[in-house]
Amino acid sequence: MDSKLPSSVRSTLLELFGQIEREFENLYIENLELRREIETLNERLAAEGQAIDGAELSKGQLKTKASHSTSQLSQKLKTTYKASTSKIVSSFKTTTSRAVCQLVKEYIGHRDGIWDVSVARTQPVVLGTASADHTALLWSIETGRCLVKYSGHVGSVNSIKFHPSEQLALTASGDQTAHIWRYAVQLPTPQPVADTTQQICGEDEVECSDKDEPDVDADVSSDCPTIRVPLTSLKSHQGVVIAADWLVGGKQAVTASWDRTANLFDVETAELVHSLTGHDQELTHCCTHPTQRLVVTSSRDTTFRLWDFRDPSIHSVNVFQGHTDTVTSAVFTVGDNVVSGSDDRTVKVWDLRNMRSPIATIRTDSAINRINVCVGQKIIALPHDNRQVRLFDMSGVRLARLPRSSRQGHRRMVCCSAWSEDHPMCNLFTCGFDRQAIGWNINIPALLQEK
């Protein structure tokens, strides 16, 4: 029978039913994965004589291992807790210890959302932000003052990365280009920090109603030096350039685009060295290994790919299909791990030496944006669509959640996070669509990181 509904209404309904179907499919796949993890857990426990029926455990009810005998613990768990297994994994990975998180400085000056934040790797150490307002800003970490404004792009600036050894910045833009530009800054004398209030980070902060974004009617970047022309422009993409990064050594750069390709450029000549094709949908991110010629790209096609340029004569690629929705980012650690985050609300930790399956899976309640890993402490910062920022260790244990209230924290989607291990004042930076970046001091007790 012909429908009497207008075509626009029918189209909307079909789209909504499609989303519902995909959500149920994701839940079904999640349950299958959880059953496999329960079986793995049972095998480990069976070796100690304490096999547990996972179908009888529920989220939040499995407590820390007590000092009772393994047989007593197993029997108590079996007889006391009766529920489904749909969300059991997070129950095994909770902690009652807390980290101390201090909001140190807010960086306010952009006139639109901030997509990316990065910290310079050379002296002087400055903070860089990339915004939908078509600019990138460099900031004094200590004072929150804008030091340099880059306005060479004619589209949204989607990412910013600093050269490993020179005062050069690499920005990617919606104008289908990536720019390399040189900066020179003089840091102002730092003033005493006004807000030194510390807050315990946990999962029980009070949620407060939104308030308006910071007032930026007065353009704080108007009186700082402006760079309008790049040193080098990298052109070859036919779509938005969503991310860019320097390869180790800084002589080459990689870009990721919505045209479904990633491109490797020679920085000095701006010539295209390789075009990396294979993704079926738009790319969302790219990242380079800190010490090896490796690149990882992520995509809306639910995969991420590992590209190996260590052999100059040939480059190889490996495809990884560990997620059920858009992979928003995948990043290297200093060791042999890759960490991937997705709109399917999971983060997965992979071993480069055996990437057939993840070595840890973190399940959350919101889509995950550009993640970042603290190299020294091996802590993953997860920025979420729901305005939260959570910290996990590499084995998937939740360490903390950054405070969010009417007085501090982001008021809209948190887009990105970046660690700075060498700076004495702030060691974590976040940015969001509330047009501000925030500098945090995070103190993770050593006890939390012991395994």
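Numbers here mean position along the shown chain, with the first residue as 1.
Including glycine, each Cβ sits where the backbone N, Cα and C put it.
Quantities reported herein were computed from a predicted structural model and do not represent experimental measurements.
Features as listed in TrEMBL:
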COILED    24-51  coiled coil
REPEAT    107-149  repeat 'WD'
REPEAT    150-181  repeat 'WD'
REPEAT    234-275  repeat 'WD'
REPEAT    276-317  repeat 'WD'
REPEAT    320-360  repeat 'WD'
Where DSSP helix means H, G or I and strand means E or B, what are the helix, strand and coil counts for the repeat 'WD' (107-149)? 0 helix, 21 strand, 22 coil
So how many of the residues in the repeat 'WD' (320-360) end up helix, strand or coil by DSSP? 0 helix, 21 strand, 20 coil
For the repeat 'WD' (150-181), distant same-chain residues with Cβ under 8 A (at least six beyond the ends): 112, 115-122, 128-138, 226-235, 237-246, 248-250, 253, 255-257, 265, 267
What residues elsewhere in the chain lie close to the repeat 'WD' (234-275), defined as a C-beta under 8 angstroms and at least 6 residues from its ends? 116, 155-156, 158-159, 161, 163-166, 168, 170-180, 281-293, 295, 297, 299, 307, 309, 315
If you average per-residue pLDDT over the repeat 'WD' (276-317), what number do you get? 93
How does the repeat 'WD' (276-317) divide up by DSSP, counting helix, then strand, then coil residues? 0 helix, 20 strand, 22 coil
